[in-house]
2 protein chains.
Amino acid sequence: MAHDEFSLIRQWTRRSDGQEGDGLTVGIGDDAAVYTPAPDMEVVACCDAMVETVHFLKETMHPSDIGYKAVISNISDVAAMGGVARYALVSIAVSPSWSAEMTSQIYEGIYEACESYGVRVIGGDTVSAPDALHLSVTVLGEVEKGRALRRSQAKAGQLVFVTGYVGSSAAGLHLLLEQKKTGAAFPSQYQALVDAHQRPAAQVAAGRILLASGACAALNDVSDGLASELWEIAEASGVELSIDASQIPIRQELSTYAEQIGYDPLAWAFYGGEDYQLVGTADASRIDMLAEQFAAAGIPFALIGRVESSGNGTAVSCTRAGRQMPLPKAGFNHFGRRE
Amino acid sequence: MAHDEFSLIRQWTRRSDGQEGDGLTVGIGDDAAVYTPAPDMEVVACCDAMVETVHFLKETMHPSDIGYKAVISNISDVAAMGGVARYALVSIAVSPSWSAEMTSQIYEGIYEACESYGVRVIGGDTVSAPDALHLSVTVLGEVEKGRALRRSQAKAGQLVFVTGYVGSSAAGLHLLLEQKKTGAAFPSQYQALVDAHQRPAAQVAAGRILLASGACAALNDVSDGLASELWEIAEASGVELSIDASQIPIRQELSTYAEQIGYDPLAWAFYGGEDYQLVGTADASRIDMLAEQFAAAGIPFALIGRVESSGNGTAVSCTRAGRQMPLPKAGFNHFGRRE
């Protein structure tokens with residue numbers, strides 16, 4: 001890295017707690033960071049990239065939102081293993097159309113998310129890009145040895161749950177794209193949907209309850225739409241899932257907006273993305289206990305279906321208005337482009 | 001990630017040893033990877049990005065070279081801490097101008113480098129890019145607790161060493177850019193320089209000797225040019241370094257090519273980049289022991305200067321043909337653009 005960029009990174013990271021101490025032996029500013037992993041814990045590692053025009057537009061995301069969301073999507077992946085995020089490495093490629101101020105706002109968002117979830121930025125790389133801004137974040141976390149919650153452990157007879165509203169982020173993106181098209185601000189009643197898109201939350205507390213309970217079998221985070229995540233669990237576990245559409249948690253604002261524009265709310269729920277809720281399966285006999293723990297923690301917990309041993313040959317089916325239909329396997333893409 | 005891309009990654013990563021076993025609890029294919037860190041070791045983490053048109057051109061690097069080098073640059077960072085690389089996460093953003101075959105060749109190079117250095121690919125992200133290809137690799141390694149070699153530990157009286165030829169990669173890039181400009185293949189006598197640019201090596205064995213010896217104080221890898229790395233050591237350690245230009249290891253081919261085109265070989269040595277040698281300082285009293293260990297391992301070890309307590313107020317100075325001059329602080333950039 002050239003010196004001018006190195007100085008900029010130093011400036012942006014100076015206020016961080018990426019410096020030594022509390023298990024971090026070597027922080028930002030050397031060839032690599034070094035930390036002492038917690039005893040009896042395993043290392044959890046994941047990496048997510050966000051690319052301008054593919055995952056966000058300047059018109060739909062404030063620079064700080066971009067940084068915030070890039071961190072959250074990774075913390076969410078750690079939460080989906082039942083773990084806790086600890087450290088982040090940030091790789092950013094900045095094009096000339098991004099001013100130093102806008103770039104520093106991306107870092108503001110990165111640090112805001114990190115501070116909210118107890119994550120320390122310990123390294124990364126800052127380079128030039130010819131055009132689109134690219135942001136790739138790696139998050140390192142920890143989980144109790146041998147306890148990580150995998151997507152492959154669903155068993156017949158278990159129930160399928162989700163930890164909160166789905167579809168909100170995609171509906172929020174729709175509102176923002178309409179605003180971009182028409183130039184008129186989106187109605188303020190839909191702020192919660194836009195917030196869900198720009199400032200999502202990672203369900204770390206939910207993941208910890210699920211891991212501690214011993215009742216959770218399979219777990220995924222909802223980053224590519226509920227349908228895609230259910231398919232991943234079904235395929236990885238070799239089971240079939242039957243989902244009851246009427247039980248899927250959908251925000252009232254989403255239903256209202258969908259009705260207003262003549263759209264199917266379930267399309268957002270199943271094929272929207274970036275909700276970062278957790279979806280999984282748990283033993284039926286221990287669902288009441290789990291529901292109580294979630295209620296005590298003030299976290300939504302909705303039962304949306306069950307795991308079947310075998311059946312109609314469809315990995316995921318959905319019952320809606322009394323009719324059971326296969327739920328097509330498809331993921332989310334932001335702007336109609338495959339990703 | 002959408003399903004089609006996920007399938008592609010599955011295909012590219014199937015042959016890898018990114019699957020479970022040997023300390024890896026959860027491999028590729030879940031929300032995050034999970035592994036058990038080795039006892040009494042700390043985690044070493046680093047991240048480097050490579051961007052098309054900024055760090056490489058299709059005309060100067062075969063796709064497999066791009067993947068190979070992105071991994072090496074990270075393994076080199078781990079080596080510069082005295083550590084050993086263990087796992088990699090690969091974030092790649094591919095634009096439409098890159099065919100599936102070319103993209104798979106990038107992965108071939110990634111796996112080739114990983115296999116050569118005992119590194120397992122345990123995760124990542126594959127997304128679309130509108131134009132330039134971006135590759136960001138995170139490598140996780142390990143180092144004995146409290147033993148990591150930092151750049152900030154140089155002390156007056158120590159000697160400055162480097163583990164092998166510097167400047168070769170930049171000279172190789174020059175040859176490739178000439179070839180691109182003229183259309184004529186570079187002379188085969190310079191193959192070693194081009195190899196140094198396209199297929200660099202990481203000095204893991206050297207780093208391990210240096211750490212085990214207990215004699216090494218400060219250490220950096222030469223990724224941004226020898227001058228830049230010396231400056232980083234001097235500034236981080238609060239010392240001054242005086243370098244003897246005549247002792248810097250330069251390939252005969254580099255000298256020959258430099259003479260042919262009327263270029264200063266030392267400019268490549270000091271201000272070229274991506275040599276991935278290790279440069280550091282060690283106690284003068286133990287230099288002979290170190291030199292013997294390097295000789296026994298068949299690894300070059302050149303003494304190029306010494307650490308001064310204080311002096312002329314210049315962090316790094318260089319003596320050449322009997323004249324001592326300040327060595328300007330500047331980094332490497334590939335194509336004349338700041339990075």
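Placed from the backbone N, Cα and C atoms, the Cβ positions cover glycine too.
Keep in mind that TrEMBL annotations are predicted by a computer and have not been checked by a curator.
According to TrEMBL:
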DOMAIN    A:29-143  domain 'PurM-like N-terminal'
BINDING   A:Asp31, A:Asp77, A:Asp221  Mg(2+) 3 binding site
BINDING   A:Asp31, A:Asp77  Mg(2+) 4 binding site
BINDING   A:Asp48, A:Asp125  Mg(2+) 1 binding site
BINDING   A:Asp48, A:Asp77  Mg(2+) 2 binding site
BINDING   A:His55, A:Glu274, A:Phe332  substrate binding site
BINDING   A:Tyr107, A:Gly124, A:Asp125, A:Arg151, A:Ser223  ATP binding site
DOMAIN    A:155-314  domain 'PurM-like C-terminal'
BINDING   A:Asp224  Mg(2+) 5 binding site
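Structure coloured by features recorded in TrEMBL.
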| residue | record | Cβ contacts under 8 Å, 6 or more apart |
| --- | --- | --- |
| A:Asp31 | Mg(2+) 3 binding site | none |
| A:Asp48 | Mg(2+) 1 binding site | A:Ala70, A:Ser73, A:Asn74, A:Asp77, A:Ser136, A:Val137 |
| A:Arg151 | ATP binding site | A:Ala218, A:Leu219, A:Asn220, A:Glu232, A:Ile233, A:Ala236, A:Ser237 |
>> For a quick check of packing: other C-beta atoms within 10 Å of the C-beta of A:Asp221 (Mg(2+) 3 binding site), how many?
In response: 29
> What is the nearest of the binding-site residues A:His55, A:Tyr107, A:Ser223, A:Asp224, A:Glu274 to A:Asp125 (Mg(2+) 1 binding site), using the Cα of each?
Replying inline: A:Tyr107
> Of these binding-site residues, A:Asp48, A:His55, A:Asp77, A:Tyr107, A:Gly124, A:Asp224, which are close to chain B by the rule of a Cβ under 8 Å away?
Replying inline: A:Asp48, A:His55, A:Asp77, A:Gly124, A:Asp224
>> Which secondary structure state does DSSP assign to A:Ser223 (ATP binding site), in the simple three-class scheme?
In response: coil
>> Going by DSSP assignments with H, G and I as helix and E and B as strand, what are the residue counts for the domain 'PurM-like N-terminal' (A:29-143)?
In response: 34 helix, 47 strand, 34 coil
> Largest pairwise Cα distance, Å, within the listed ATP binders A:Tyr107, A:Gly124, A:Asp125, A:Arg151, A:Ser223?
Replying inline: 32
> Near A:Asp221 (Mg(2+) 3 binding site), which of the binding-site residues A:His55, A:Tyr107, A:Gly124, A:Glu274 can be found within 10 Å, Cα to Cα?
Replying inline: A:Glu274
> At the Cα level, what's the spacing in Å between A:Asp224 (Mg(2+) 5 binding site) and A:His55 (substrate binding site), rounded?
Replying inline: 12
> How many other Cβ atoms sit within 10 Å of the Cβ of A:Tyr107 (ATP binding site)?
Replying inline: 23
> Do any of A:Tyr107, A:Gly124, A:Ser223 (binding-site residues) have a CA within 10 A of A:Glu274 (substrate binding site), and if so which?
Replying inline: A:Ser223
